[in-house]
Structure formats: C-alpha cells, structure tokens
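Trainee: Just passing along the structure, written as structure tokens.
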Amino acid sequence: MTEDPQVPADAGTKGAAALPRVAVIVSGSGTLLQALLDNAQGYTISSVLSDRADALGLERARKAGVPTAVVQLKDFPDRAAWDRGLLKAVDAFAPDLVVLAGFMRILGEPLLNRYGGKIINTHPALLPAFPGAHGVRDAMAHGVKVTGCSVILVDAGTDTGPIIAQRATEVLDEDTEETLHERIKVLERDLLVDVVERMATQGWTVDGRKVRLN
Ligand code: GAR
C-alpha cells in the first residue's frame with residue numbers, strides 16, 4: 001500500500017509554448033480524451049490520469065507522448081487516502097484545468113478544495129435529468145424522446161454543478177443503449193473540445209448557477 005501514485009520525474013514542467021495545461025482523468029476507453037488530444041490548439045493535454053491501470057485512455061495518452069499516472073483505489077488503505085493520492089498526482093502536473101472525461105468516480109474534497117471552479121465533467125444526458133453512472137440507460141428507461149450531453153463545472157454533488165454547455169439528440173424507436181450512447185458521444189466529443197478550447201483561450205465567468213464562456 002502506498003500513497004505515492006506513479007508520476008514521471010519530469011511531471012509538472014511547463015512546456016515551451018506555455019499553453020494552458022489540461023489534466024484529463026479517465027476510467028474507460030478514452031474516446032473523448034482522444035478528441036481532446038487530436039484537436040488541441042489553444043491548450044495542451046499535459047497529463048492523463050486514471051483510477052484504472054487497464055483504462056484504454058492511458059494507452060491513447062502514451063501513444064500521444066503525454067505523461068500518465070495511475071491512482072487505483074486498491075493501492076490505498078481507504079478512500080480518503082486515495083483522494084489525497086489523486087490530488088498529489090494531479091498537482092504533480094500543475095494543470096490550469098482538470099477535465100473528467102469518462103471518469104466514473106465522485107471527486108473527493110482534496111481535489112475540489114484545490115481545483116474547485118476549474119474542474120469540468122462531461123455527462124451523457126441533459127442534466128439535471130439523469131445524473132449518475134447510467135445517464136443513457138436511465139433516460140431510455142424513462143422514455144424521453146430527446147436526450148444529449150452536458151459539460152458542467154464539478155461541485156461536491158453527483159453531476160449537480162453549473163452547466164457550461166449542452167447538446168441534444170433525438171431518441172429513436174430502434175435505439176439501444178449502445179447506439180444512443182454512441183450518437184451522444186459524437187456530439188459530446190465535439191462539445192467538449194469546443195468548451196475546453198474556449199475556456200483555455202478566452203476564459204469564463206460564473207454568476208450563481210450561470211456559466212458564460214467568454
Ligand atoms: C462519456 O459518454 C461520458 O459522458 C461518460 O462516459 C463516456 C466516456 O466515453 N461519463 C459518465 O457517464 C460519467 N458519469 P469514452 O471513454 O469513450 O471517452
């Protein structure tokens with residue numbers, strides 16, 4: 001058991017271009033991460049972290065030459081220690097923005113206290129409807145005719161933070177959870193890239209629950 005995540009020795013060094021640094025945290029296949037990597041202009045993906053050593057997103061990062069860190073719950077004595085470990089791993093890369101792209105855990109206080117207001121999450125439903133781990137399934141089960149994706153600022157709740165941007169798609173009679181999720185992800189990749197690019201290059205303002213991209 002250790003609280004030391006795997007972090008490369010050169011982590012945290014500023015790149016020559018000095019573009020805003022984005023840390024991406026993933027749990028799964030990382031197609032949203034791939035979109036962020038492929039379309040980075042006004043920002044640089046400076047690190048990719050995961051709570052799963054087998055996350056395909058880590059492989060995508062390595063292929064792109066981006067430093068990675070694995071912070072697995074099972075390597076820590078308890079959830080609080082893991083939260084501290086995740087903060088330490090994120091800190092090591094000194095990000096300006098933290099993006100949760102298919103990260104399937106609730107963020108703990110340490111990361112929120114340090115990076116609150118600069119952490120964004122993407123979710124495959126039109127929040128505040130259908131928060132949680134099964135946004136697509138829950139929307140279908142409810143029988144909605146329109147669903148979509150939401151990019152939000154992360155707060156302490158489950159998908160409750162202020163909404164930055166959303167896109168919608170129709171639910172078709174013949175949809176399965178997989179076909180609908182894939183159609184949502186096409187929108188989601190584009191939306192996430194656009195939001196990160198705008199936040200990195202022009203900034204944003206928050207007034208209560210209202211977020212405005214500059
Ligand atoms: C995305 O649809 C994202 O919104 C969702 O996981 C998918 C990741 O896709 N996240 C959540 O459901 C978080 N509650 P990817 O692994 O292909 O990038």
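The backbone N, Cα and C atoms fix where each Cβ goes, glycine too.
Just so you know, TrEMBL annotations never went through curation; they're auto-generated.
Features from TrEMBL:
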ACT_SITE  HIS123  active site, proton donor
BINDING   ARG79, MET104, ARG105, ILE106, LEU107, ASN121  (6R)-10-formyltetrahydrofolate binding site
DOMAIN    21-196  domain 'Formyl transferase N-terminal'
SITE      ASP159  site 'Raises pKa of active site His'
Trainee: Which chain-mates of ARG105 ((6R)-10-formyltetrahydrofolate binding site) that are at least 6 residues away have a CB under 8 A from its CB, listed by sequence?
Mentor: SER27, ASP51
Trainee: Cβ atoms within 10 Å, counted per site: which of ILE106, LEU107 has the most, among these binding-site residues?
Mentor: LEU107
Trainee: When the Cα-Cα distance from the residue listed as 'active site, proton donor' is computed for each of the recorded positions ARG79, ILE106, LEU107, ASP159, which gives the smallest value?
Mentor: ASP159
Trainee: Where does the mean pLDDT land for the domain 'Formyl transferase N-terminal' (21-196)?
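Mentor: When the pLDDT values over the domain 'Formyl transferase N-terminal' (21-196) are averaged, the result is 97.
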Trainee: Taking DSSP three-state, what's ASN121 ((6R)-10-formyltetrahydrofolate binding site) in: helix, strand or coil?
Mentor: strand
Trainee: Let's check the environment of HIS123 (active site, proton donor): how many other CB atoms sit within 10 Å of its CB?
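Mentor: A 10 Å sphere around the Cβ of HIS123 (active site, proton donor) contains 25 other Cβ atoms.
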Trainee: Where MET104 ((6R)-10-formyltetrahydrofolate binding site) and ASP159 (site 'Raises pKa of active site His') are concerned, what is their Cα separation in Å, rounded?
Mentor: 11
Trainee: Rounded to a whole angstrom, what is the largest C-alpha distance between any two of the residues ARG79, MET104, ARG105, ILE106, LEU107, ASN121 that the record assigns to (6R)-10-formyltetrahydrofolate?
Mentor: 21
Trainee: Given ASN121 ((6R)-10-formyltetrahydrofolate binding site) and ASP159 (site 'Raises pKa of active site His'), what distance in Å do their CA atoms have, once rounded to a whole number?
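Mentor: It is 8 Å, counting Cα to Cα.
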Trainee: Express the distance between the Cα positions of LEU107 ((6R)-10-formyltetrahydrofolate binding site) and ASP159 (site 'Raises pKa of active site His') as a whole number of Å.
Mentor: 11
Trainee: Using DSSP and collapsing to three states, where does ARG79 ((6R)-10-formyltetrahydrofolate binding site) fall: helix, strand or coil?
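Mentor: Its secondary structure by DSSP: helix.
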Trainee: Among ARG79, MET104, ASN121, ASP159, all listed as recorded positions, which has the most CB atoms within 10 Å of its CB?
Mentor: ASN121
Trainee: Roughly how many angstrom lie between the C-alpha atoms of ARG79 ((6R)-10-formyltetrahydrofolate binding site) and ASP159 (site 'Raises pKa of active site His')?
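Mentor: Pair distance, Cα basis, whole Å: 20 Å.
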Trainee: Round to a whole number and give the Cα-to-Cα distance in Å for the pair ASP159 (site 'Raises pKa of active site His') and ILE106 ((6R)-10-formyltetrahydrofolate binding site).
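Mentor: Taking the Cα atoms only, ASP159 (site 'Raises pKa of active site His') lies 9 Å from ILE106 ((6R)-10-formyltetrahydrofolate binding site).
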